[in-house]
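Before any comments, here is the structure.
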């Protein structure tokens, strides 16, 4: 007997809390900010499943989608602008003057004055922001699948850049846990499918199945959640750093895992079309992305070296990366301090802004 059986909302919240505790236990090195993001995402799943199954209807779904559209409009512009920024150097002529700007917000006066935001940017950043804003307006007004995918890819690239695994064992634990999680929520319940269809936000990539018939006006889509891109992506990035650490001028494990991801994704699409049912992509991606590199390491006699590898200071050539990123926890004053850097005490992360 369970006292929660007559209260589906409380039961879902209990499951959510158990999952968060399990995630924090498996990834003890994860930073608090990303645990908070995970918690917020699970809360959104619970809330939307409640709304769509009439468990605890509070607000109209249309108003919720409007609120979330505005929220992701702002985040999408910033993410897409950051993604575009490294490539703008190719389009700006060398003789064009690049002006520097600074956005500064303070509170208080005199000795009690504190900096809340101190952000420096230049002309290229403004151009990126303008282009991203056009895409954002297009997305909010039309919800077009191209705009959705542009924002989704920007979120995924920023996620792979910001999140960081420090060893293969941690990556296997993470992928294994989310493997079970994905299979349960897709096959065991209808929550994941309901959220994916009802959640009007760029948290998924959509692929038009009637593109040849209707072109850009296509309306029949297959979907891939961003988690199915970011989670394997940070593991593939770890294997790329492992390749660099071997100092053999090869990218064997990176190419193996990348091709394994393509194989797993293709297998997912094949099974989905065969059985006409939504499939948990991690069911196929996790065994492929973990199994093939491990098999290659076993054949090459580098399995022990792979699992003993600890990601340190391998910097990938020609790879744009953040050198510092503000921690979002704490007071506004601590946020401002984490954003500042000075020659005497530069606030730079050793590898990436967040370690998992």
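A Cβ is built for glycine as well, from the same backbone N, Cα and C atoms used for every other residue.
Between the stretches 252-275, 300-323, 324-347, TrEMBL puts its transmembrane segment entry on 252-275. Between the stretches 122-146, 172-196, TrEMBL puts its transmembrane segment entry on 172-196. TrEMBL lists transmembrane segment for one of the ranges 91-109, 281-299, namely 281-299. Of the candidate ranges 63-81, 172-196, 221-240, 252-275, 221-240 has the most C-beta pairs within less than 8 angstroms of the transmembrane segment (147-165). Beyond the transmembrane segment (221-240), the same-chain residues lying 6 or more positions past its ends with a Cβ under 8 Å from any Cβ of the stretch are 145, 152, 155-156, 159-160, 163-165, 167-168, 171, 174-175, 178, 182, 196, 203-209, 251, 253-254, 256-258, 261, 264-265, 269, 272, 281-282, 285-286, 289-290, 293, 311, 316, 356. If you look at the transmembrane segment (63-81), the same-chain residues 6 or more away from its ends with a CB under 8 A from one of its CBs are 47-48, 51, 125, 128-129, 131-133, 135-136, 139-140, 143, 150-151, 154-155, 157-158, 199-203.
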